[in-house]
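Student: Questions regarding the structure given below will be posed in turn.
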Amino acid sequence: MAGVWAPEHSVEAHSNQSSAADGCGSVSVAFPITMMVTGFVGNALAMLLVVRSYRRRESKRKKSFLLCIGWLALTDLVGQLLTSPVVILVYLSQRRWEQLDPSGRLCTFFGLTMTVFGLSSLLVASAMAVERALAIRAPHWYASHMKTRATPVLLGVWLSVLAFALLPVLGVGRYSVQWPGTWCFISTGPAGNETDSAREPGSVAFASAFACLGLLALVVTFACNLATIKALVSRCRAKAAASQSSAQWGRITTETAIQLMGIMCVLSVCWSPLLIMMLKMIFNQMSVEQCKTQMGKEKECNSFLIAVRLASLNQILDPWVYLLLRKILLRKFCQIRDHTNYASSSTSLPCPGSSVLMWSDQLER
């Protein structure tokens, strides 16, 4: 979804003429290129780190957790590589999308790709939050009942989302060129030359289902992460009362709580505006396709474009909030602690080193 990062003025919003895009030179095309490169680097680093950690792990549960993170990074990476080059091509050609894709097949592929990789990322993040909450709040039940391997679950989620995204190909829903004319996504209402009564019920149902599924995934993720934080705090207090490495438990709890809150903040900032705005536009019987033919839609169109840009940021931030940033912070913590210990010649708790799953090792005890 990184490809939608481009200036609003790159295509004339209120004209049906087949004119070249305004400002589609090297400056405007730098946006999607920068987003694609940034996302590629972050997700590629995350995947390399997951592969290295996966080979050193013996516990199936730890391997499942790493597999989920790796799958999330792979999903974000492939989604960017499939969409960004298309948008870059549109900008470099300085032609309207309809001229480059008169059959509409590329638009359908682009919209399907954004739907599959956007929604699957949300659902995988939600599944990870559920598993994390069960493992921490009910460890004995989790150990005895959760025998399902991660790979079938991840494949099931991806195939289910793919089947859902294929509905417009079967006639339920519609993918259309979105303002300013450099990308395609789910249509939320009538096209620019249609009236309100011309809306297809299938398009409304499909767009509503996407928004509701996304919001449901966000709610589940939030609820599970909050439940996990609460359980961690309660266990930390119990350990402190029993004087069982209270300092270490306090540090682990703080680090994990900060990471989970960071995940919630990133998801809410990146996805909530788009999903809520889609429902609002469906309710108001509006589509950003109308921006090309109707005056007075500038505010709504700009807001929707900003919301999509925020959603595209999620693919770049995912590897950092789930893996890379935590690893960097842990390594920095070890460096500071080792320096302090050397200066004071005092003993301390063992350093987690490069282990990304240090906190999960401790929580299982």
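Each Cβ is built from the backbone N, Cα and C atoms, and glycine gets one as well.
As the structure is a computational prediction, the values presented were derived from the model and not from experiment.
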Student: Tell me which of Cys68, Cys184 Swiss-Prot records as disulfide-bonded to Cys107.
Tutor: Cys184
Student: Membrane side check (same topological domain name in Swiss-Prot): Ala30 and Gly189?
Tutor: yes
Student: For the topological domain 'Cytoplasmic' (56-68), would you mind checking the mean pLDDT of the predicted model?
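Tutor: Here the predicted model's pLDDT, averaged over the topological domain 'Cytoplasmic' (56-68), is 72.
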Student: Tally every other Cβ atom lying within 10 Å of the Cβ atom of Cys107 (disulfide bond).
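Tutor: Step by step: centre on the Cβ of Cys107 (disulfide bond), count other Cβ atoms within 10 Å, giving 22.
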Student: Using a threshold of three or more Cβ pairs below 8 Å, and leaving out pairs closer than 6 in sequence, do the transmembrane segment (304-325) and the transmembrane segment (31-55) count as in contact?
Tutor: yes
Student: Might you confirm whether the transmembrane segment (109-130) is in contact with the transmembrane segment (304-325), defined here as three or more C-beta pairs under 8 A between residues 6 or more apart in sequence?
Tutor: yes
Student: Are there residues at least 6 beyond the ends of the transmembrane segment (260-283) whose Cβ is under 8 Å from a Cβ of it, and what are they?
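Tutor: Apart from its flanks, the transmembrane segment (260-283) reaches 122, 125, 129, 186, 188-189, 204, 207-208, 210-212, 214-215, 218, 221-222, 225, 228-229, 300, 303-304, 306-308, 310-311, 313-314, 317-318, 321-322, 325.
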